[in-house]
Amino acid sequence: MKRVYVNEQWCLGCHLCEYYCAFANSNETDMVKALKDIVIHPRIQIEQKDNISFAVSCRHCEEPLCVKGCITGALSINEGVISVDQNKCIGCFTCILCCPYGAISAGDESIIQKCELCTNNKHGSPHCVKGCPNNAIVFEER
Amino acid sequence: MGINYLYQEYEVSRNMDRCINCRVCERQCANEVHSFDKDKNIMRSDDVNCVNCHRCVALCPTRALKIVKTDHTFKENANWRGSIINEIYKQAESGAVLLSSMGNPNNYPVYFDKILLNASQVTNPSIDPLREPMETKVFLGSKPKSIQRDKDGRLINNLSCGIELSVPIMFSAMSYGSISYNAHESLARAAKEAGILYNTGEGGLHKDFYQYGSNTIVQVASGRFGVYKDYLEAGAAIEIKMGQGAKPGIGGHLPGAKIVGDISKTRMVPEGSDAISPAPHHDIYSIEDLRQLVYSLKETTNYKKPVIVKIAAVHNVAAIASGIARSGADIIAIDGFRGGTGAAPTRIRDNVGIPIELALASVDQRLRDEGIRDNVSIVVGGSIRNSSDIVKAIALGADCVYIGTAALLALGCHLCRSCQTGKCNWGIATQSPELVKRLNPDIGFKRLVNLVGAWEHEIKEMMGGMGINSIESLKGNRLMLRGVGLSEKELQILGIKHAGE
Amino acid sequence: MRYVIIGNSTAAVGAVEGIRKNDLEGEIIIISKEPYHVYSRPLISYLLYGKTDEERMKYRSKDFYDTMNCKAILGREAVKIDDAKKEVHLDDGEVLNYDKLLVATGSLPFVPPMEGLDGVHKRFSFMSLDDAKKVESAISSNSKVLIIGAGLIGLKCAEGISKRVESITVVDLADRILSSILDRDGAEIVKSHMEKRNIKFILNTKVETFANNEAVLSNGEKVEFDVLVLAVGVIPNTGLIKEINGKINRGIVVDEFCQTSIPDIFAAGDCCESFDITMEQNKVLALLPNAYMQGECAGINMAGGKKEYGKAIPMNAISFFGLHIITAGSYIGEVFSKSNGENYKKLFVKDGLLKGYIMIGDIEKAGIYTSLIREKTPLCDIDFELVLQSPGLMAFTRKDRKKILGGVVNEY
Amino acid sequence: MLKEGQIRIPSGCAISGIFSKSGKRVSGESIIKSIATMHDRSNGLGGGFAAYGIYPEYKDYYALHVFYDGDTSQEECEKFLERHFDIINLSKIPTRKTPRITDAPLIWRYFVTPLPTKLAESQLDEKEFTARCVMKINMGIDGAYVFSSGKNMGVFKAVGYPEDVGEFYKLEEYSGYCWTAHGRYPTNTPGWWGGAHPFALLDYSVVHNGEISSYDANRRTIEMYGYKCTLQTDTEVITYIIDYLNRKIGLSLEEISGVVAAPFWQVINSMPKEENEKYTYLRNVFSSLLITGPFSILVGFEGGMMALNDRLKLRSMVIGEKDDMVYAASEECAIRVIEENLDRVWSPKGGEAVIATLNRGVI
């Protein structure tokens with residue numbers, strides 16, 4: 001299955017992935033309209049220290065602890081993509097407790113949000129990867 | 001401030017309606033032009049340091065940025081132009097020679113733009129490269145004057161060693177040091193993928209790149225940096241650099257500050273000491289001396305490597321080339337006055353040398369007149385900008401072209417011509433690790449391969465239009481060229497007719 | 001092959017999904033005394049709070065039994081196992097034979113003896129959907145609710161009904177609330193947060209006697225109430241195994257393959273013990289993630305696979321009135337704390353390993369700590385100072401990160 | 001109007017050739033009949049023939065056919081010839097008046113052999129000496145043009161349709177073992193007789209249909225080897241290339257076809273090693289002599305004839321065989337009209353040379 005992989009060596013810490021993510025999940029068609037004057041809560045996040053930076057988003061594990069641990073059944077695997085049923089999630093954050101990558105975060109309306117490889121929005125494939133100027137994140141089969 | 005104040009050349013134009021404060025411009029500008037004003041919650045730009053490299057423009061996700069030329073001006077004067085005045089201010093302040101990068105930007109005629117190509121109509125069919133084979137393979141090197149046969153009458157291969165290229169394009173010399181490790185890796189990998197060669201320049205060859213040896217030209221320049229037996233044997237060909245189009249008659253100087261780590265190792269220059277390439281080779285003061293070096297290099301490598309002699313296109317280039325063609329060299333590389341550089345004295349770059357088109361035409365004709373054109377192949381460089389320049393160069397008589405600036409552009413260079421600062425925002429002309437990493441060779445090499453591939457397609461299209469299906473039938477085929485707006489003299493030197501003739 | 005599963009909650013679902021990883025054909029029968037499609041027990045408080053409804057409480061979709069090709073016998077109780085004949089007897093006399101049996105009977109409320117308890121009419125446990133429904137019908141806007149037990153169940157119940165009753169008093173014998181998962185300081189933060197929502201705590205205290213609608217506490221205090229919720233604790237429901245002399249400790253004892261001491265009988269979930277790797281001892285870990293994973297492991301092994309259940313640790317994610325709490329592991333060894341207002345964090349380190357942690361408020365990336373505990377990552381291999389400040393992959397070496405973020409992903 | 005040599009004139013054409021492997025000499029009637037069949041492929045602006053084996057009595061002498069504009073040029077040329085050659089025989093070439101051939105120049109024929117002293121002085125071999133003399137005349141003597149210079153062969157050409165040219169030169173009176181013919185369709189021409197085909201140097205003659213795109217690349221290369229392309233025609237440059245590669249370099253005709261109509265790299269790459277190396281070598285060393293663009297040519301030479309198409313076969317050419325006779329023509333009808341019952345008829349592939357030579361021991 002194609003996943004987002006990180007090539008830390010090439011991450012510039014430009015944070016564009018975060019903005020492309022936030023835009024992709026905004027359901028707006030214009031990035032300015034989507035992101036102007038807001039503080040973004042992207043599903044991919046840069047960790048940065050000194051000259052090291054890299055992006056972290058859901059790894060879409062084959063044996064996902066978050067899904068196994070989910071108390072409501074809101075998290076499930078659909079064709080390899082771990083997605084969240086926002087209608088079912090009640091924001092207990094057991095998945096945040098479980099995720100070894102720190103890739104799940106609290107979203108708006110006190111439920112969780114996570115990368116669904118943009119299968120949940122109109123872009124269809126990870127928009128963060130499209131926004132990365134240096135192939136520091138790639139969407140591929142490994 | 002005061003007498004030494006120079007108004008900035010460029011202004012950052014930020015469309016505040018589009019800016020989303022993502023701060024990518026701030027993070028990506030090594031010149032620290034952009035900053036975030038926390039109090040006002042807006043981005044600010046200090047134009048003074050802007051070099052117009054477009055890094056911020058290119059990465060801005062909302063297209064909120066553009067760079068505009070300032071309309072700040074001196075009183076109009078066609079003679080004392082603003083740039084000239086500013087240069088005087090700079091020199092009056094610094095007392096120093098002005099330095100510039102990349103190629104001559106001044107408004108001299110570009111002969112390629114005044115030459116048009118032919119195409120077949122009716123009497124001779126054009127050839128569709130999508131339907132018919134269209135060949136671009138070239139061999140560089142000297143050709144034997146006669147054939148030999150074995151006792152059974154079979155032809156004996158009496159060719160001296162040469163270079164085989166899938167397209168008549170090579171990446172010209174750019175040293176590791178003047179450009180980054182990642183830029184070199186991109187060039188090396190692209191050369192391998194595209195079936196062509198790249199050139200180490202005078203910076204030696206990093207150990208990591210020995211694996212690309214069969215696609216590498218190793219250069220021997222006046223400083224002899226990084227030159228030793230393994231190096232000479234590592235490449236597919238050896239180039240003796242006698243001159244460079246951007247700075248004929250001038251040596252090079254890589255400051256000690258840049259001679260660190262791998263660069264020091266690769267150049268074989270102690271860390272921190274300046275790497276100075278003298279203006280001449282101090283063992284070559286005449287053509288006989290050059291011949292000695294050519295044969296020394298051949299001896300060293302058991303006559304297994306063709307030797308290229310690279311010269312700058314200067315006034316008597318034809319006579320010089322004639323001498324080189326009799327020196328044992330296999331290939332002559334001629335670099336026109338628009339050729340690029342990592343740093344050169346501005347006055348030299350902008351005022352010395354001649355256009356490559358004229359140099360090529362006169363060299364090719366001279367060697368033919370002397371019957372020694374087969375002794376050598378001719379490679380030309382110095383602002384080959386696109387595939388039609390290549391087609392024209394080959395029709396004028398070149399075997400192959402060198403591309404340098406075009407290759408860098410493919411890697412992201414935006415021709416801001418600030419290489420000498422070492423703060424290349426595109427990770428090319430810099431050694432600063434956080435800038436170098438901006439050029440991912442996976443991307444870089446692909447883009448170079450794309451460029452070469454695209455040009456190959458275009459060359460084939462143009463050849464097909466002319467009814468030519470193999471590039472050797474284009475070489476020196478000046479009937480395929482016509483001049484527009486050129487004087488009799490220029491047409492004569494180029495050896496072409498005027499359009500309409 | 002016939003698989004019989006007693007129980008219809010998390011461990012049972014885990015088992016069904018585990019079985020189906022290896023065996024798409026075998027017959028699966030689920031027996032549950034509750035008449036409901038599988039639902040998530042921890043959601044009963046959210047149901048009362050109005051944050052979910054019965055439909056959304058379904059732990060798996062409506063067609064779960066169909067798509068998993070299993071038969072659910074709901075509303076009937078398994079009363080006996082005959083391990084010699086490999087049979088399960090139901091309350092209506094039906095006998096089902098099995099090839100592999102899973103006992104996933106969960107836990108039962110623990111009610112300590114209290115004088116006068118029988119005289120309390122509106123007295124409820126708070127563990128099942130039926131419990132929640134009963135509580136819901138018992139309360140009104142002028143109810144005075146007394147909850148015995150300031151543990152997870154008691155407090156979630158308190159939150160669930162907080163907007164719908166007049167007053168809530170929570171009584172617990174312990175010196176702090178959530179004593180099983182929080183230390184004193186952490187408990188204090190949560191307590192004061194809850195007190196702001198008009199929930200009253202009486203700690204270090206137990207009920208001596210109930211007299212009609214009044215509870216007399218050990219400290220002499222009297223608490224008037226009309227609804228009583230008993231949430232003192234839970235105990236594993238081990239009866240079926242006990243009767244056939246299966247090995248029982250605090251819970252049903254299972255090996256690393258989730259098998260009981262009796263051939264072809266497996267057990268998973270709250271009814272049995274797990275090996276807590278932080279304390280290196282068997283414990284009842286009555287936690288939903290644990291139940292699922294144990295159930296899944298049992299299922300895989302029942303269907304002929306070979307999977308060890310390891311890396312079990314206590315862990316909890318819970319929130320009260322928007323204040324999030326995440327804890328994991330055991331609170332042993334050296335303590336490292338970082339606190340800032342309501343954001344409270346404690347890490348427990350022993351033998352160079354992270355053993356446990358408590359996070360209140362800011363719980364971002366807590367899973368990275370959990371992972372350090374589960375994977376027993378030697379702290380000398382990472383930048384502990386950094387990870388203590390904020391959990392992140394930055395604390396790992398570049399090489400490890402390359403594996404973590406660039407490698408093929410298979411986490412369990 | 002500029003004539004050949006002052007401007008490059010592209011043209012389409014018809015070609016035809018007849019060759020007897022047994023050396024049987026046939027009269028010019030057949031070849032005229034053949035080329036006349038393809039009348040529509042010419043436009044009356046040039047036609048010509050090359051015939052081999054026609055001067056057996058003078059077979060050891062170079063037969064020079066020369067056009068003169070007038071007496072002055074003839075005098076000057078003959079003086080030159082006398083200085084360099086022993087002239088064994090000279091005469092006007094017999095012609096027949098026909099209304100369709102007009103503006104004829106003076107047409108003379110000389111059987112010559114180089115003066116031994118001059119030859120020795122030049123340090124050249126006989127052929128090279130003769131070739132250079134021919135070029136000197138053509139370049140240096142205004143109004144004189146040597147259009148045929150081989151031994152025991154001759155070229156006959158004029159402005160007009162080829163069948164009229166044949167009638168004009170009374171070709172029915174000549175007989176040779178090999179004939180080639182050409183009907184020209186230039187896109188513009190002043191109608192200069194020298195510009196008609198065949199083009200010949202020494203005993204190499206070329207008739208050609210096509211317009212090559214590599215012309216200037218080939219011309220500038222061959223001129224480096226001492227040739228002067230005075231006519232700027234494809235036929236001329238092809239003739240010189242063949243002369244150079246065959247006579248000077250020593251390549252066989254088959255190898256020459258591997259140079260001028262070289263196989264594509266994709267074909268070479270799939271050849272067995274030895275072949276692969278041979279063709280790679282030829283393409284590398286003689287790269288500038290590759291001819292691209294459409295052509296079908298018939299090369300006549302002493303004792304043989306080669307038919308060759310460009311590598312893409314952009315011009316038609318058919319080969320026919322009957323007993324010892326080999327026929328080649330732009331169209332099959334031009335063969336069938338003189339030999340209805342062919343043993344074999346085929347269309348050679350692009351770049352595939354068909355070479356017919358006299359059987360061993362003949363002549």
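Including glycine, each Cβ sits where the backbone N, Cα and C put it.
In three-state terms derived from DSSP, B:C22 ([4Fe-4S] cluster 1 binding site) belongs to neither a helical nor a strand segment and is classed as coil. Taking a C-beta cut-off of under 8 angstroms and a sequence separation of 6 or more, B:C22 ([4Fe-4S] cluster 1 binding site) has the following same-chain neighbours: B:P61, B:T62. According to TrEMBL, the feature [4Fe-4S] cluster 1 binding site maps to B:C19, B:C22, B:C25, B:C60.
Around B:C50 ([4Fe-4S] cluster 2 binding site), taking its Cβ as the centre, 21 other Cβ atoms fall within 10 Å, counting all chains. Residues annotated as [4Fe-4S] cluster 2 binding site in TrEMBL: B:C29, B:C50, B:C53, B:C56.
Annotated domain '4Fe-4S ferredoxin-type' per TrEMBL: B:10-39 (among others), in sequence order. With a cut-off of 8 Å between Cβ atoms, the residues of this chain six or more beyond the domain '4Fe-4S ferredoxin-type' (B:10-39) that come close are 45-47, 49-52, 55-56, 59-70, 423-425, 430, 432, 435, 438.
Among the features that TrEMBL reports, domain '4Fe-4S ferredoxin-type' is placed at B:41-70 (among others). When Cβ-Cβ distances below 8 Å are used as the criterion, the domain '4Fe-4S ferredoxin-type' (B:41-70) is approached by residues 7-26, 28-29, 31-35, 414, 416, 418, 421, 424-426 of the same chain, each at least six residues removed from its ends.
With an 8 Å limit on C-beta distances, none of the binding-site residues from B:C22, B:C25, B:C50 reaches chain D. In the three-state DSSP scheme, B:C56 ([4Fe-4S] cluster 2 binding site) is classed as helix. B:C53 ([4Fe-4S] cluster 2 binding site) has none of the binding-site residues B:C19, B:C25, B:C60 nearby, counting only those with a Cα within 10 angstroms of its own Cα.
Candidate binding-site residues: B:C29, B:C50, B:C56. Nearest to B:C19 ([4Fe-4S] cluster 1 binding site) by Cα distance: B:C56. With respect to their backbone Cα atoms, B:C25 ([4Fe-4S] cluster 1 binding site) and B:C56 ([4Fe-4S] cluster 2 binding site) stand 5 Å from each other. Proximity to chain A (Cβ-Cβ distance under 8 Å) holds for the following binding-site residues out of B:C22, B:C25, B:C50, B:C53, B:C56, B:C60: B:C22.
The most densely surrounded of the binding-site residues B:C19, B:C53 is B:C53 (count of other Cβ atoms within 10 A of its Cβ). Note: the [4Fe-4S] cluster 2 site is recorded as B:C29, B:C50, B:C53, B:C56; in the same chain, B:V12, B:C25, B:Q28, B:N31, B:V33, B:H34, B:V51, B:N52, B:H54, B:R55, B:V57, B:I67, B:N425 also have Cβ atoms within 8 Å of that site's Cβ centroid. The two recorded residues B:C60 ([4Fe-4S] cluster 1 binding site) and B:C50 ([4Fe-4S] cluster 2 binding site) have their Cα atoms spaced 16 Å from each other. The Cβ of B:C25 ([4Fe-4S] cluster 1 binding site) has 24 other Cβ atoms within 10 Å, all protein chains considered. Mean model confidence of the domain '4Fe-4S ferredoxin-type' (B:41-70) amounts to 95 (pLDDT, 0 to 100 scale). DSSP assigns B:C29 ([4Fe-4S] cluster 2 binding site) to coil in the three-state reduction, outside any helix or strand. Neighbours of the [4Fe-4S] cluster 1 site: apart from B:C19, B:C22, B:C25, B:C60, residues of the same chain with C-beta atoms within 8 angstroms of the site's C-beta centroid are B:R14, B:I20, B:N21, B:R23, B:V24, B:H34, B:M43, B:C56, B:L59, B:P61, B:T62, B:A64, B:L65.
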